[in-house]
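**Q** Feature table excerpt (TrEMBL):
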type	residues	note
TRANSMEM	24-50	transmembrane segment
DOMAIN	42-293	domain 'G-protein coupled receptors family 1 profile'
TRANSMEM	62-88	transmembrane segment
TRANSMEM	100-121	transmembrane segment
TRANSMEM	142-164	transmembrane segment
TRANSMEM	197-222	transmembrane segment
TRANSMEM	243-264	transmembrane segment
TRANSMEM	276-295	transmembrane segment
Amino acid sequence: WEFNGSFHQPSAFLMMGIPGLEALHPWISIPFCALYLTALLGNCVILFIIRRTPSLHEPMYYFLSMLAVTDLGLALCTLPTTLGLFWFDVRRIGFDACLAQMYFIHILSFIESSVLLAMAFDRFIAISHPLRHPAILTKSTVLKIGLAIVLRGMVSLLPIPFLLKRLTYCGKTELSHSFCFHPDIMNLACTDIKVNVFYGMIILLSTVGMDFIFIVLSYILIIRTVVSLTTKEECLKALNTCVSHICAVLVFFIPMIGLSMIHRFGKNVPPLVNTLVAYTYLIIPPALNPVIYSIKSTHIREALLRALCRKRG
């Protein structure tokens, strides 16, 4: 333990794996390795395909590139500590290193939420105003949206590490996961954490909460537009362009909402459930998103097949 001014801070926290299954960690690491490998390779392939295919240089795929970069960041944030614990039983993480990991995990999560909102807006414009779509979402506009998304996440979460550093920690240092999460660290403090709870809730509702509401509103407007189309074929074609995005939204938001509810209201939830939801939230979306878009997007699939054929040739 270290004494820092008037606040007591531990020199390190102890991370936890999957409770009750510690003896099986080497075996459990196999599916985790597969998920991380899928996330890293899949998102790199998406970025490579979009970069090398001029026909994919349009807003929908620019936003998909942002999503792929964000998913790569999320996977790389949790990979060292998760596999280090499963493979080598490395449970210790320094206090400042933990705050840094937590900050980047939350930033990337907020960025992913905002990118999914931008993608919903892109689909709404493409379906409701197809002729004006290129004029509304130009390259410069997409770049400005991307910069605004990053700045929003960085600025809104900047106070969080400082709010955690002002707390006094005494006794308990075991985290619930193999990575650092704001509510998890906050609950280890033995002083009043009302400011942390209040600020965390406000930021979550004003960013991710608002993003989700606007995504739902976008799809309500999309459905209204699709219903007004004259033929069934046009209706199905328009909806088909949204299927992969809807899957990405569900894969991201359902576990995130579940984890937030567990941390704030699930005092009696078994630790195993808490751990599994956390892993689902941070590891499954980066692994599944490139698979979803590779399967559902005809343009991505065709570009990938062309690239593979060129290499074989």
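Including glycine, each Cβ sits where the backbone N, Cα and C put it.
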**Q** Same-chain Cβ contacts of the transmembrane segment (142-164) under 8 Å, 6 or more residues past its ends?
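**A** Sequence-distant neighbours of the transmembrane segment (142-164): 59, 62-63, 66, 99-100, 102-103, 106-108, 110-111, 114-115, 118, 182, 185-186, 189, 195-196, 199-200, 203, 206-207.
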**Q** Note the mean pLDDT of the domain 'G-protein coupled receptors family 1 profile' (42-293), expressed as a whole number.
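**A** Looking only at the domain 'G-protein coupled receptors family 1 profile' (42-293), pLDDT averages out to 91.
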